[in-house]
Amino acid sequence: MEKKWFYEKMSPETVYGYHVTSVHEENTGFQELQIVDHGHFGRMMILDNVVQTTEKDEFVYHEMMTHLPIMALARPAESILIIGGGDGGILQECLRHDSVKRVTMVDIDGRVIEVSKEMLFFKDAFKDPRLELIVGDGAAYVAGEEAQNKKFDVVIVDSPDPVGPAMVLFEAPFYKNISKCLNEDGIMVRQAGVPVFQAPELKEAVEHVQLSFPHVAVYRGVVPVYGGDMAFVIASKNGAPVDQPNGQFTGKYYHTRFHSAAFVLPAFWYDVTGLPME
Ligand code: SAM
């Protein structure tokens, strides 16, 4: 198979280049979807020319977006809502917790799910009987009675950057509705970009989430293909702190001593977010 260069724009003057072999390409009606193979990062999924996940470093993002909020809950988590997450990586990590009894996943793009089941590395997670899979808009789902009556312990927003169908997942009303879908001690988390390239995205995410949640914090993890030091915004509905784990869990990246450490941020992130440097 002939190799080609794929370039991802990280900023107006910056691109990351990958020498890849194309495996699959299609326009899903929502997004441009590509599956490629790369010598170092292995199999990669790309949406609208932005790398979403790679075989080599997916564990960092998926573990930090899953185990940290689950271990931050003051009791064993049982019910989880994933918004986006069509590749299946977040789902796989949620299902590693025996306490988890049900996972509802809402992704707008059925083709991302089908191609991921066929070509990516989280296939088995989609076969788990605890999964309720819904193809639809996540913002519409959390605004609905069904979700707000169902109530969840943890809501994980695994969306791409604020482009195309994902724009609504960055707006303030979305977080208000998430709060209505959570149990009184529930926790939500979302990715907030890589501040070295996307500081305004982090600032806006904190501001919007603070409109609907009494306690909002930021933690970090290093995801090479996303550009390095990535920010995650986490919030608790009842204002409880989230920086201490409620038990033991060890992944390939996340572990319980790393839980608290991840809340110690680079100095400039406090300027960006306005959060106190305690
Ligand atoms: N981890 C990746 C990142 O940080 O860039 C995101 C991975 S995941 C593949 C993103 C998913 O969000 C995609 O499958 C996409 O279809 C889904 N998505 C985009 N907009 C959505 C919406 N409004 N409602 C539900 N899912 C949405």
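Using the three backbone atoms N, Cα and C, a Cβ is placed for every residue, glycine included.
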Spermidine binding in TrEMBL involves D87, D158, S159, P160, D161; of H62, H67, H97, the partner in that site is H62
Cross-ref TrEMBL: S-methyl-5'-thioadenosine site D107, D137, G138, P165; candidate in list Q31, Q244, Q248 matching that site is Q31
Those same-chain residues, other than Q31, D107, D137, G138, P165, found with Cβ within 8 Å of the centroid of the S-methyl-5'-thioadenosine-site Cβ atoms are F30, G84, G86, I108, D109, G136, S159, A166, L169
In three-state DSSP terms, D158 (spermidine binding site) is classed as strand
Among H62, D87, D158, S159, P160, D161, the record's spermidine-binding residues, the widest C-alpha separation in angstrom comes to 16
Same-chain residues at least 6 positions away from D87 (spermidine binding site) with a Cβ under 8 Å from its Cβ, in sequence order, are M45, Q52, T53, V112, S116, L120, F122
